[in-house]
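First the structure, in the form of C-alpha cells, and then the observations on it.
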Amino acid sequence: MNPASAPPPLPPPGQQVIHVTQDLDTDLEALFNSVMNPKPSSWRKKILPESFFKEPDSGSHSRQSSTDSSGGHPGPRLAGGAQHVRSHSSPASLQLGTGAGAAGSPAQQHAHLRQQSYDVTDELPLPPGWEMTFTATGQRYFLNHIEKITTWQDPRKAMNQPLNHMNLHPAVSSTPVPQRSMAVSQPNLVMNHQHQQQMAPSTLSQQNHPTQNPPAGLMSMPNALTTQQQQQQKLRLQRIQMERERIRMRQEELMRQEAALCRQLPMEAETLAPVQAAVNPPTMTPDMRSITNNSSDPFLNGGPYHSREQSTDSGLGLGCYSVPTTPEDFLSNVDEMDTGENAGQTPMNINPQQTRFPDFLDCLPGTNVDLGTLESEDLIPLFNDVESALNKSEPFLTWL
C-alpha cells in the first residue's frame, strides 16, 4: 500500500485539521470560520474519566446522605433519586436518636420545633368546661365545650398569673397568632371558624374575670398622684407670692430712705449721684432706678438744684467762624509771670511740659513763628492782632 495514498489520521476530539495545500482562499476562510464559530461537541467526545459518566453506587460518599450523624449507617434512599432534605443532620440525630427513626415519618421531622416543658400548672385541674387532648404528633390543645372554642393556650396559666395590669397586654397581642397557625396546620381540630375568631375576646373576658379589682385600684393611683402634684404646685405658688411681697416691701423701704436722704442733703445731690449709680444696679429694680434718677440726678430732672448757665465759649453770634479761647492754665501762668514777687521763683516752680503752648496755636494761618520760644509779653500783641483780623467785615481776607 502506498503511504502517499493513505488517508490522513483523524484529529483528536475537539480539534479540527484543515489542509491549505489545494485551495488557499477557501481553506483559509474555513480556518477563520472554525475559530470564530466553533461547533459544539458532545461530552462523550471529550477526554474525561469514566467515573464522570457513572452514578455512585451508594450514598456513603455523597453530601445528601452524610454519615456524620447516623453512626456510620447509610440512610435510606428514596425511589425518586437523591434525598435533598438533610434529615440526618447532627441536631436531628441528637434529638430524635437514630437517622432511620427520624426519616421514618415526615410528620415527626417537625416534632422537635414545639416541645412542652414541665410546668407547675400541669398538676392543677382544668377549669369547668375545658378538656385537654393531644394531636397525632403529641402536641396538646384545649377545648372549651361551653364557648365552643379551641386553643393552644393552657387556661390554668391565666388563673395563676400575678395580678399585674401591665402583663395583660402581651397576652392579648400574642393569643391570635398560635390559633391561626393551628388553623392552617390542623384544620380538623377547629370546630367552628366563627367561634375561633371570637376565641380571643371570650377567653380574655374569662381570664380577666377574677382580676377586676386590681385594675380599679390601679386606675385610682393617677388621681391620687394628680392631687398630690396639685398640692405641691399650690405650696410653691404661695412661696413665690410671699417672696414677691417681701421684695416689694423692701423696695418701698429703700425708696423712703432715699427720699429722706435727698431732703436732708439737697446741696450735695451732685456728689451723691456717682455713689447711687454704683449702688443701685445690684439692689434695685429698673422702675426704682428710674425714680431715683428723676429725684436725685441734677442733670436729668431739671429741678431747682441746677439751671442751665449761659455758655461763653460756644461761639454763638460770631457768624461762620469762631474765636479760639485761651486755656485757663495759660492765663494763670501769665498772671504769675507778671507779678514781681514771683518772678524769681517762676523758672523753678513751672514744669517745662506745662509751659508748652497748646497745639491749636501752631495751626493758626499767618503765624510762621515758633510760639514755644515766645515770652508772655510777645504773645499779648499777637493775640490782639489775630482778634482784630478775625473781626474785620471784609468778605475777602488776604493773609500775609
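Easy rule for this one: first residue shown is 1, then count along the chain.
Using the three backbone atoms N, Cα and C, a Cβ is placed for every residue, glycine included.
As the structure is a computational prediction, the values presented were derived from the model and not from experiment.
The annotation coiled coil is assigned in Swiss-Prot to 225-259. Marked as compositional bias 'Polar residues' by Swiss-Prot: 61-70. Sequence annotations record features per position, and here Swiss-Prot assigns ubiquitin cross-link to Lys46 based on similarity to another entry. Sequence annotations record features per position, and here Swiss-Prot assigns domain 'WW' to 124-157 based on sequence analysis. Feature annotation from Swiss-Prot assigns phosphoserine to Ser62, Ser89, Ser105, Ser295, Ser311. Under the heading region 'Disordered', Swiss-Prot lists 52-117. As annotated by Swiss-Prot, region 'Required for interaction with PALS1' applies to 222-400. Residues annotated as motif 'PDZ-binding' in Swiss-Prot: 394-400.
Across the motif 'PDZ-binding' (394-400), mean pLDDT in this model comes to 59. Around Lys46 (ubiquitin cross-link), a 10 Å sphere centred on its CB holds 10 further CB atoms from the protein chains shown. Secondary structure at the residue listed as 'ubiquitin cross-link', taken from DSSP and collapsed to helix, strand or coil, is coil.
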